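Asker: Got a structure for you, written out below as structure tokens; questions coming shortly.
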């Protein structure tokens, strides 16, 4: 959503399966570009950060909203230089009927992330946080050696 909340977003985006809010049904907010696009003026304010990747100088972090999944429904793996996050739950009833959900996310790890020090946690409000420290560029992240002056 780099262009802001006023630009139409794809219907099948990260909010798929979330249900509609009242402002989604107002004609003022409907898009005239295509039936597969819609404007969601306030959703980015209400639900920002659904999937956020940060690569700071010292740390690499992925934050992913998985509130519809229990810990048993989630799988987090490192395969080669990628983090793979998979979630799936069977059909269950919610406010709008019956729904089943499944997602698969794959993120490339920066080369300088120390894979042996990666942590992953799930908060009570359903936010999955995956993070790992970065090693200085003159060090190999797979080794714990460092030059001593």
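Just so you know, glycine gets a Cβ as well, placed from its N, Cα and C.
Sharing the features that Swiss-Prot gives for it:
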type	residues	note
BINDING	89, 91	Zn(2+) 1 binding site
BINDING	96	Zn(2+) 2 binding site
BINDING	143	Zn(2+) 3 binding site
DOMAIN	41-149	domain 'sHSP'
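Quick one: where do these features end up spatially?
Answerer: Annotation for residue 91 (Zn(2+) 1 binding site): spatial neighbours 98, 99, 100, criterion Cβ-Cβ under 8 Å with sequence separation of six or more.
In the three-state DSSP scheme, residue 96 (Zn(2+) 2 binding site) falls into the coil class.
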Asker: Summarise the model confidence on the domain 'sHSP' (41-149) as a single mean pLDDT, whole number.
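Answerer: Taking every residue in the domain 'sHSP' (41-149) and averaging pLDDT yields 83.
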Asker: Counting Cβ neighbours within 10 Å across all chains shown, tell me which of the binding-site residues 89, 96 comes out on top.
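Answerer: Compared across 89, 96, the most Cβ atoms within 10 Å surround 89.
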